[in-house]
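Student: Features from TrEMBL:
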| type | residues | note |
| --- | --- | --- |
| BINDING | LYS369, GLU464, PHE505, LYS528, ARG562, THR642, GLY643, ASP644, ARG756, LYS762, ASN785, ASP786 | ATP binding site |
| BINDING | ASP782, ASP786 | Mg(2+) binding site |
| COMPBIAS | 1144-1158 | compositional bias 'Low complexity' |
| DOMAIN | 17-82 | domain 'P-type ATPase N-terminal' |
| DOMAIN | 808-1061 | domain 'P-type ATPase C-terminal' |
| REGION | 1130-1158 | region 'Disordered' |
| TRANSMEM | 76-94 | transmembrane segment |
| TRANSMEM | 276-298 | transmembrane segment |
| TRANSMEM | 318-344 | transmembrane segment |
| TRANSMEM | 839-860 | transmembrane segment |
| TRANSMEM | 872-892 | transmembrane segment |
| TRANSMEM | 922-941 | transmembrane segment |
| TRANSMEM | 961-979 | transmembrane segment |
| TRANSMEM | 991-1012 | transmembrane segment |
| TRANSMEM | 1032-1055 | transmembrane segment |
Amino acid sequence: MALCAKKRPPEEERRARANDREYNEKFQYASNCIKTSKYNILTFLPVNLFEQFQEVANTYFLFLLILQLIPQISSLSWFTTIVPLVLVLTITAVKDATDDYFRHKSDNQVNNRQSQVLINGILQQEQWMNVCVGDIIKLENNQFVAADLLLLSSSEPHGLCYIETAELDGETNMKVRQAIPVTSELGDISKLAKFDGEVICEPPNNKLDKFSGTLYWKENKFPLSNQNMLLRGCVLRNTEWCFGLVIFAGPDTKLMQNSGRTKFKRTSIDRLMNTLVLWIFGFLVCMGVILAIGNAIWEHEVGTRFQVYLPWDEAVDSAFFSGFLSFWSYIIILNTVVPISLYVRYVPSLPWGFSRESGGPIELLFSMKMKSLRSNLKSSSSCDVFDVLGHKAELGERPEPVDFSFNPLADKKFLFWDPSLLEAVKIGDPHTHEFFRLLSLCHTVMSEEKNEGELYYKAQSPDEGALVTAARNFGFVFRSRTPKTITVHEMGTAITYQLLAILDFNNIRKRMSVIVRNPEGKIRLYCKGADTILLDRLHHSTQELLNTTMDHLNEYAGEGLRTLVLAYKDLDEEYYEEWAERRLQASLAQDSREDRLASIYEEVENDMMLLGATAIEDKLQQGVPETIALLTLANIKIWVLTGDKQETAVNIGYSCKMLTDDMTEVFIVTGHTVLEVREELRKAREKMMDSSRSVGNGFTYQEKLSSSKLTSVLEAVAGEYALVINGHSLAHALEADMELEFLETACACKAVICCRVTPLQKAQVVELVKKYKKAVTLAIGDGANDVSMIKTAHIGVGISGQEGIQAVLASDYSFSQFKFLQRLLLVHGRWSYLRMCKFLCYFFYKNFAFTMVHFWFGFFCGFSAQTVYDQYFITLYNIVYTSLPVLAMGVFDQDVPEQRSMEYPKLYEPGQLNLLFNKREFFICIAQGIYTSVLMFFIPYGVFADATRDDGTQLADYQSFAVTVATSLVIVVSVQIGLDTGYWTAINHFFIWGSLAVYFAILFAMHSNGLFDMFPNQFRFVGNAQNTLAQPTVWLTIVLTTVVCIMPVVAFRFLRLNLKPDLSDTVRYTQLVRKKQKAQHRCMRRVGRTGSRRSGYAFSHQEGFGELIMSGKNMRLSSLALSSFTTRSSSSWIESLRRKKSDSASSPSGGADKPLKG
């Protein structure tokens, strides 16, 4: 693995010569070995310990251990510190080692894959890790691409090959690449062995969609672009074989350049705990200084008089030095104010949920590609609606589906319930035939036939795949294509059409067309596109049919379907020849090429005849809209970072209810330059500010920018806005001088969608939010292109889906569907945050109550560093007596049931505001612990001053006092955790009362005759516990101490519950009212589809096969025209709760069933 980590100077350009390893080795390029792991056998121990000792507490405990090894100052045995410290370090190290083992395993699996490399004129099997820059390798169908390759030749005509890029951009649809003509004929191994071309290109970078280079061969230069490259992580599809020249290998590949490093995630609670530990350490030093000064004074004034029987140690020669040693002794004795057992419990609690990250404070959620939220449209049975010449046929539930058995090539998964359309096909209705003929011809789908009759369609858009499959079942089977022909089986007869031109789709045209010549020689243009675009280009003779179709389109749009209009036009030979010549001249133009082509296309796509329309519904994963609605109510902002094209992302944004018709405005940012992007962002902010001023907020934009917090903009903006930004615009927006403007604009919006972004851009957006917003972030994804985003976010969630398990391996949590995120956050995440906060508060409380007793005792023992308790109690207090009850609370506690957590998502907000554990809560816990310690020491001390035993002897002695204080302490902290527990289980009862029983059992055992007989030097006080606890005075003292310590807590909580209840208190009260009224449990209202969209057919964002088949031009992305709507008014959650409470009181029969809005 050393090769993987070898650092090299930055490159200015990459030079790679084919079949010449000796030449390429002098540049010291990286090998093809990859490394995603953090450690190896040699570095694991030092690196892991270094990471762990970044925790201030671990360094603190190590320092204490060193002090305890010095006999002159140690009052406690060294094992009281080293055992829990080693336990903490070991548990964390085992967890880290396990995670890294799986990374090593994944790396080894990838590095040891086999590839065919051309060496000395012979194809040899080589491991991926041994592939070098300049090697020529052979790929076969369905194989992964081993490195970034320049495509030289392939089995397909014209050097074409087809790839899937799911691991790069999340797209499961096929894309096409083509070798340059001069190398496309190098299909023979002997020719490839003689190939000595040299590539000079850009240095390694992370831009997935760009490549610039030049091939020098035979004294000629040939330009290279991204269309000639096969990137590592792609899969070869529908291509028998291809050869490629390795340009970038291993860590230099674009896939690895986009992979974020595995980071040591430090959480908000980690950082807060480090701060608190420093504060506590400062408090500990102050106590040590006070007691050390007291010791020096006491030894000087009093101790010198008792040297005869209380002599100083040999090393002590003055009262000052005695005080110095006493300082370190008290540091050791009082070190339990930072309980190391807290960290012992803190680490194992991680698997239970978001214990480490708290889960509760999630403010921003970054979601993966939109298509991951959808079901597989290609195999869905209810996604299409057809309108043929005004006749509407639907895929709706009928008693029996249509029988397609007449068609041996039909897709058996396709179901259809309207027999009339099939009957029209069978009787030969010409319009119906033309409708399905268009669907079978006007597309860029690729067909693969593994066995006779078994067709597999590879579409760049799921919608295209669904429509071509529908035509297939109705008897118009797209069978195969070449660069110049399309073969379709029409009702069992094979017909080959000559493909004359493909007029590709882009976001300006919003339509695509093909021009074909049928076997009879007739030329016809077939067009499909957005209804808002196509309806204006129809012939006037279709007006009556158009009116009927418009009614159907309006109906489809009202149901949220994506509509598509189909039309055709006959062309005469003379006109076509003249038009084709002008198209050729436009395609060769050096300036304004795209505009000229658009004008040529516009000319021919006019006066078309309407055939009909289709409508397609997104088959979203179950529960996606409801999940997004719930998370939005929980004040979790959702940003979608997707590789999808803009129109697809916007359409699915509406389907998921991220975007709604009620939004004030949706801003589209598509600028291609820095100035354009800055201007579009500025205009968006100005519109939001103007809207806020118009509703009377009374502030200016400049005033808001002067605030130190970016959230001020968000809080001030009235209305609901959304922001959609493209990848090329985002690249400018993320530059240092514009990132704050972008972040301010995005944070003021309810929803943000970033389209066509690279994996690295996803990570950069997450890092930007972490840097300036200081918000806790969660990233969720399902593909390899989401890994860097998942690693960068505070919490990474992987969805196990169709795109492999890379995201799952890189994540902190994983599940199978997006909808489970609502339970992960609103139930388990919130509970985990609640438990962790209670866990921390209780730990600090009980340890201050335990430790501060030593401080007060110091004033009565001559500041001699004598402990109140014996060392066995000190050792067992945190490990045995008080560990299990708090562990049970940390695992099982809940404030409201899971149904209520889902029903009232506003319960999530206290965690976002850090209300349950912060510096204020910390000081409250410390104050309560100090208060308890004062009573714990002085009440028994006052009682014992004059108390006597039953036989009249003096009760006061050191051991009896220690037993009384220790017993009071264990009982008080056990009662306290009982008060803190909100959800009682049998395990809670067993652990709390069982811990008390264990305390008494161990106490009596340590003062028994048996242990004294075995260890007379260790257990000298035989019968002390039995004699002490047999005295009624002792038990009255214990009861009095417990009551005085606990009653103020009970009184305070009672008053707070009645005078100032929090959200969970109110929800619990509502639940209690429901139970008393025996009302039925209210089911959460399902979010319905209310948005209307027109012409949202999801074409592929790729120009795809059109350009390479018919010399089509690149698409250009442009802004969408989206309507503006007025702002919705909404009620606050607490107002709804109050209305709910008053309704329940006034209307006992029905009040409990009214919904409580979040």
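Quick reminder: no glycine exception, Cβ is built from N, Cα and C everywhere.
Owing to the predicted nature of the structure, the values given are computational and were not obtained by experimental measurement.
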Student: With DSSP helix as H/G/I and strand as E/B, how many residues of the domain 'P-type ATPase N-terminal' (17-82) fall in helix, strand and coil?
Tutor: 31 helix, 1 strand, 34 coil
Student: With the transmembrane segment (1032-1055) as the reference, which stretch in 276-298, 872-892, 922-941, 961-979, 991-1012 has the largest tally of C-beta pairs below 8 Å?
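Tutor: Per the Cβ count, the answer is 961-979.
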Student: If you average pLDDT over the domain 'P-type ATPase N-terminal' (17-82), what do you get?
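Tutor: So the average pLDDT across the domain 'P-type ATPase N-terminal' (17-82) works out to 83.
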Student: Verify whether three or more Cβ pairs under 8 angstroms connect the transmembrane segment (276-298) with the transmembrane segment (961-979), leaving out any pair fewer than 6 apart in sequence.
Tutor: no
Student: Take the C-beta pairs under 8 A between the transmembrane segment (839-860) and each of 872-892, 922-941, 991-1012. Which stretch has the highest count?
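Tutor: Looking at each of 872-892, 922-941, 991-1012 in turn, the most contacts to the transmembrane segment (839-860) are made by 922-941.
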Student: Measuring Cα to Cα, how far is GLY643 (ATP binding site) from ASP782 (Mg(2+) binding site) in Å?
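Tutor: Rounded to the nearest whole number, the Cα-Cα distance is 12 Å.
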Student: CB neighbours of ASN785 (ATP binding site) within 10 A?
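Tutor: Result for ASN785 (ATP binding site): 33 neighbouring Cβ atoms inside 10 Å.
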Student: Mind telling me which of the binding-site residues ASP782, ASP786 has the densest Cβ neighbourhood, counting other Cβ atoms within 10 Å?
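Tutor: Of ASP782, ASP786, the one with the most crowded Cβ is ASP786.
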Student: What is the interatomic distance between the Cα atoms of ARG756 (ATP binding site) and ASP786 (Mg(2+) binding site), given in whole Å?
Tutor: 13
Student: Cα of PHE505 (ATP binding site) to Cα of ASP786 (Mg(2+) binding site): how many Å, rounded?
Tutor: 28
Student: To the nearest Å, how far is the Cα of ASP786 (Mg(2+) binding site) from the Cα of ARG562 (ATP binding site)?
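Tutor: Counting only the Cα atoms, the answer is 28 Å.
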Student: Just checking, which of ARG562, ARG756 (binding-site residues) has the fewest C-beta atoms within 10 Å of its C-beta?
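Tutor: Relative to the other binding-site residues in ARG562, ARG756, ARG756 has the fewest Cβ atoms within 10 Å.
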